[in-house]
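S.K.: Can you keep this structure in mind? I'll have questions shortly.
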Amino acid sequence: MSRKHHQFKGAEVSCCVKYFLFGFNIIFWLLGAAFLGIGLWAWAEKGVLSNISSITDLGGFDPVWLFIVVGGVMFILGFAGCIGALRENTFLLKFFSVFLGLIFFLELTAGILAFVFKDWIKDQLNFFINNNVKAYRDDIDLQNLIDFAQEYWLCCGAHGPNDWNQNIYFNCTELNPSRERCGVPFSCCIKDPAGDVLNTQCGYDVRLQGELAQQEFIHTKGCVGQFEKWLQENLIVVAGVFVGIALLQVMVCECNTDSDERSGLMCCDNYFVKLEKAVLLPWEFLRLPPAG
């Protein structure tokens with residue numbers, strides 16, 4: 001019995017390229033689903049999903065947005081690249097390539113603008129930190145993010161401990177009834193290496209003392225300055241990470257372009273053909289229709 005071969009419009013996708021893209025994108029897709037799931041779970045725990053209007057109530061930055069946006073983009077791109085590669089759907093591959101190229105262009109533009117407008121970026125960073133200092137107690141995820149930053153960079157506030165005067169719970173006004181008045185969060189405190197239990201009250205009343213006395217109990221350097229110092233000390237590592245991500249994007253985008261333009265090669269292993277039929281049978285409708 002002779003096998004019937006369908007002839008497709010345009011060139012077939014190279015088999016080796018095809019399964020390389022599948023392997024890359026399936027990981028990308030699963031990571032996106034995980035990020036998106038974590039973000040939705042965090043919103044569900046905070047009751048945001050049951051009250052959508054509360055999204056705009058937070059005065060500062062909600063870190064969950066990072067998981068939602070990044071996870072959503074990764075999920076959509078991973079789906080397009082994965083299914084497009086295995087089903088030889090050039091529309092999905094072109095969508096993946098264009099979207100990835102757009103992201104690369106935005107990253108490149110952001111990097112150039114950040115280098116050219118360093119002072120403006122620094123001012124925006126100051127504004128961002130101060131705005132989130134005000135909202136420190138409004139959201140548990142934001143609170144954990146600020147605590148992590150202050151503990152990691154050994155800092156306190158944007159420029160120093162007095163930045164916490166902007167928070168209604170820590171300001172030093174006479175009308176402030178909070179027990180945390182004239183204090184700082186525990187993440188500003190200098191940790192005792194011998195201490196086994198975390199003292200969350202170590203920052204109480206600390207700003208009632210002089211600056212020299214404060215240095216015995218808390219970090220007095222601002223997070224903006226400490227972040228700049230960390231960036232300069234780790235510039236090669238940070239630049240290497242960004243260059244690596246950019247090269248990966250260019251390589252995958254180039255593979256997608258090549259897979260659209262050149263003729264298909266013989267399949268590397270019959271196993272992949274069986275895998276394709278078993279896993280992607282529900283997506284059969286996405287295959288390009290045969291020529292009439």
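Keep in mind that glycine also has a Cβ here, set from the backbone N, Cα and C atoms.
Heads up, here are the entries from TrEMBL:
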TRANSMEM  20-44  transmembrane segment
TRANSMEM  64-86  transmembrane segment
TRANSMEM  98-117  transmembrane segment
DISULFID  C155-C188  disulfide bond
DISULFID  C156-C172  disulfide bond
S.K.: Quick test of the contact rule: Cβ under 8 Å, at least six residues beyond the ends. What residues does that give for the transmembrane segment (20-44)?
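M.R.: Same-chain residues near the transmembrane segment (20-44) but 6 or more away: 50, 64-68, 70-79, 81-82, 84-86, 96, 141, 252, 255-256, 259.
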S.K.: Near C172 (disulfide bond), which residues of its own chain have a C-beta under 8 A away, given they sit six or more steps off in sequence?
M.R.: N165, R181, C182, R207, L208
S.K.: So if I draw a 10 Å sphere around the Cβ of C156 (disulfide bond), how many other Cβ atoms end up inside it?
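M.R.: Summing over all protein chains shown, C156 (disulfide bond) has 28 other Cβ atoms within 10 Å.
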S.K.: Provide the number of Cβ atoms within 10 Å of the Cβ of C188 (disulfide bond), excluding the reference atom itself.
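M.R.: Around C188 (disulfide bond), other Cβ atoms within 10 Å: 27.
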S.K.: At the level of the C-alpha atoms, what whole-angstrom distance separates C188 (disulfide bond) and C156 (disulfide bond)?
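M.R.: The separation of the Cα atoms works out to 5 Å.
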S.K.: Run through the Cβ atoms and count how many others sit within 10 Å of the one on C155 (disulfide bond).
M.R.: 27
